[in-house]
Structure formats: C-alpha cells, structure tokens
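Asker: What follows is a single structure, and I will ask about it in a moment.
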Amino acid sequence: MTFDAFTKVVAQADARGEFLSDAQLDALSRLVAEGNKRIDTVNRITGNASSIVANAARALFAEQPSLIAPGGNAYTNRRMAACLRDMEIILRYVTYAVFTGDASILDDRCLNGLRETYLALGVPGASVAEGVRKMKDAAVAIVSDRNGITQGDCSAIISELGSYFDKAAAAVA
C-alpha cells in the first residue's frame, strides 16, 4: 500500500505512541507551502503532455532512425502507438510522483518489472531511456518557465521532477 507524506508521518508517530513532533509538523507545513507549486507543476506537464511525448519521440526517432525503419522496434503504426503509449504512461506516473512528493507510486505501478518486460519483448531499453530523458528535458523547460506559476523558488521541485525522470530512465536502461 502506498502512503502519502502525511499518512507516513502519522503512521510513524502512531507506531511509537507519540504525538507529532515539532520537526514533523514543520516538515509537513513546508510540504503544504509547496503544494501550490506542485499543483502548478503537474498542471503544466499535464497540459503539455501530448507535445512532451510527441516531441520527445520525434527527437528520439530523428537520432535513432533505425527504430522506425522496417524491422525497427517502432516500425508499423501498432508498434509506434505502443511506444507513444508507454512514454505517456511514464510521464503520467512522473506527475503522480510529483503531486504526492513520493516516488513509490512510480516504482510500484509503473517501473516495477518494466525492464524485464522490455527485455522479453526485445525493446531496446537504452532507446526508451533516451526517450525518457528527452521528456525530462521538455518537462523541466516547461516547468521552469516562471510566467503564470506560483512565485517563489521552484528549484527543489524542478530537481525532484528531474529525479523521477532519472529514476524512470535508469529503470528501463
């Protein structure tokens, strides 16, 4: 079962039979203060998801044209659609992780066993990882645009966002 940050803190305090500590409350207060930034981040990525995936795939196939050549892993419309679907699923779970501030949903529901599945299907993990890195670059650029977003230092959330993409790329490579 996946727990959010609040549930984890309460479960830890309850297991010890203690009230929440000042340090725990301060940490949760900071998380709440960052909540609007998380929502803005997820909204921006979600609103641009189609272009993030399409542009990452386009750039990947431009760099690795053998993927879309006859016999390539993304050759035929069915395989191309599966590739785009998988990229979109990874992006979606990255947004869930950013929203909750917890990578476990990404690990448990998306990445767990993905490398093995790709190996069994003959999908080149290095190419998938490169596609994920291209989505990371696009998502970070979109989130880093300071126009129309909650003001303040967003470097921590941007770093966190990047770490989820890095985790996904490493999981499939």
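Glycine is no exception: its Cβ is also placed from the backbone N, Cα and C atoms.
Predicted, not measured: the structure shown is a model, and the values here were computed from it.
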Asker: Among Asn36, Asn48, Asn73, which is annotated N4-methylasparagine in Swiss-Prot?
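Answerer: Per Swiss-Prot, N4-methylasparagine applies to Asn73.
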Asker: What number of additional C-beta atoms lies within 10 angstroms of the C-beta atom of Asn73 (N4-methylasparagine)?
Answerer: 21
Asker: Could you say whether, by DSSP, Cys154 ((2R,3E)-phycocyanobilin 2 binding site) belongs to a helix, a strand or a coil region?
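Answerer: SS state of Cys154 ((2R,3E)-phycocyanobilin 2 binding site) = coil.
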